[in-house]
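For reference, Swiss-Prot has these:
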- H2: Ni(2+) binding site (BINDING)
- C73, C76, C89, C92: Zn(2+) binding site (BINDING)
Amino acid sequence: MHELALTAELLRLLENNAREKGIKHIKRVKLVIGALSSVLPEAVEFSFNTLKEGPLFEDAKLEIEEKPVRIRCRDCMAEKAVDHFYPLCPSCGSGRVSIIEGKEFYIDFYEGE
């Protein structure tokens, strides 16, 4: 479960950034997780709620935006959201597709005081 290690690092980054900015309490954290990132949102949420400690994260809420897989065909230039990555364009059947969304894993923002 690599989500535990990822979440521990995420909390460390948030703590360091909050300290630099003089923030004493983080209220809300928004993450973006892509469907192809190999990161399970439920495991990150569990890890966040398990690992957050101290006054900085006391009331912190985690919001996760899940990004679907989007591909672009390099032949017909179609852009499509797909349920699962399949290396063929759903419009023309070409195998020349690029993933343009779905690999993300980042902190979008956090709110604190």
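Glycine is no exception: its Cβ is also placed from the backbone N, Cα and C atoms.
These numbers come from a predicted model, not from an experiment.
Overlay of Swiss-Prot feature records on the structure.
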residue : record              : CB count, 10 Å
H2      : Ni(2+) binding site : 11
C73     : Zn(2+) binding site : 20
C76     : Zn(2+) binding site : 14
C89     : Zn(2+) binding site : 22
C92     : Zn(2+) binding site : 13
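Between the C-alpha atoms of C73 (Zn(2+) binding site) and the residue listed as 'Ni(2+) binding site', the distance comes to 32 Å.
Listed in chain order, the residues near the Zn(2+) site other than C73, C76, C89, C92 are R74, D75, M77, A78, P90, S91, G93, S94, R96, V97, each with its Cβ within 8 Å of the site Cβ centroid. Among the binding-site residues C76, C89, C92, the residue whose Cα lies closest in space to that of H2 (Ni(2+) binding site) is C89.
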